[in-house]
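Inspection log for the structure reproduced underneath, given as structure tokens.
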Amino acid sequence: MVQGTANWSTQLNKEWLQEYVDDWVRFYRKHTSAGKVADYIPMLKEANPDHLGITIIGSNGTKIRSGDVDIPFTIQSISKVISFIVACMERGVGYMLDRVDVEPTGEAFNSIMHLEMRQVKKPFNPFVNAGAITVTSMLPGKTSDEKLEPMFQLLEEMLGYRPSLNVDVYESERDSSMRNRAIGYYLLETGFLESDLNITLETYFKQCSIEITVDDLALIGLILANDGADPKTQQEIIPRQVARIAKALMLTCGMYDASGKFATYVGVPAKSGVSGGIIAVAPPRVRDESLPFINGCGIGVFGPSLDEKGNSVAGIRLLRHIASQWDLSIF
Ligand code: DON
């Protein structure tokens, strides 16, 4: 069933969609063997490389869940979307964009080279580590817990519960992440940081260690697809302008140095994390009423086996397949 395109117009009921997605997850689970789990943070090595799960939530409330959907995992770099949104809400969009650029780097997420070689006036974008650590330093508050509070509040408003911190992953990253300390010292030397370096790094490691599920990612994705408003009440959770900038950055920088390929072959704003999560945002489209999720959907994927860029290997392939079957691309 994986090959070939169905006539979706006759099959828009949930049971049909569920069967298809179950089939695709079964098929792409075999692709997990093409990658390996992150090992540079000791605790992440514990993940099961065979896991693959997906949740899709549509604007009308249709929810498709398939595969390993009940395994909590740490949000990792997907937290960079949340911290950037919160910083824009707390400090203002103009303030943030004056201090962090919105250009893709074409380098790995933890690269320090581009900062030094190009003598930049501000970090390239909020989704590479240099930019994300700078953003975190701009969150209000003197302690890491104060800085994290507005992130937790936004998550709670979107998810309806307050996620918790995976302390083991936090301590594991805190005790092993020499690269992020190097980036931090470079940012300190160049005057980009607005808070104490140790507090900033502590906050960054903690925000990466917030534990979520694919259901949570799909819900956040749906709110972004809906330009920041609650899909049920249409009440604003994230200002529309901030949601739009976040989506533009997800499209251009969200999958790191694989963002161009992801935009070409999948074509929706997305953000990955090294624990294997991907959040994808499919905005409403108008071209064909018979397609599934025509009014937009949020997608959460979990597949800890990663490709060489640090993105879920089977997760990307699964998303690519779904996007082509359902014509999700925004282009
Ligand atoms: O900065 C780090 O090393 C991690 N805590 C987050 C990195 C990450 O998720 C990169 N994503 N693909």
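If you go along the chain as it appears here, the first residue is 1 and each next one adds 1.
A Cβ is built for glycine as well, from the same backbone N, Cα and C atoms used for every other residue.
The substrate binding site annotation in TrEMBL covers SER77, ASN129, GLU173, ASN180, TYR204, TYR256, VAL274. Under the DSSP three-state reduction, TYR256 (substrate binding site) is assigned to helix.
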Filtered binding-site residues, from ASN129, ASN180, TYR204, VAL274, whose Cβ is under 6 Å from an atom of ligand 1: ASN129, ASN180, VAL274
Other CB atoms within 10 A, centred on ASN180 (substrate binding site): 21
Sparsest-packed of the listed binding-site residues (TYR204, TYR256) - C-beta count within 10 angstroms: TYR256
Three-state secondary structure, VAL274 (substrate binding site) (per DSSP): coil
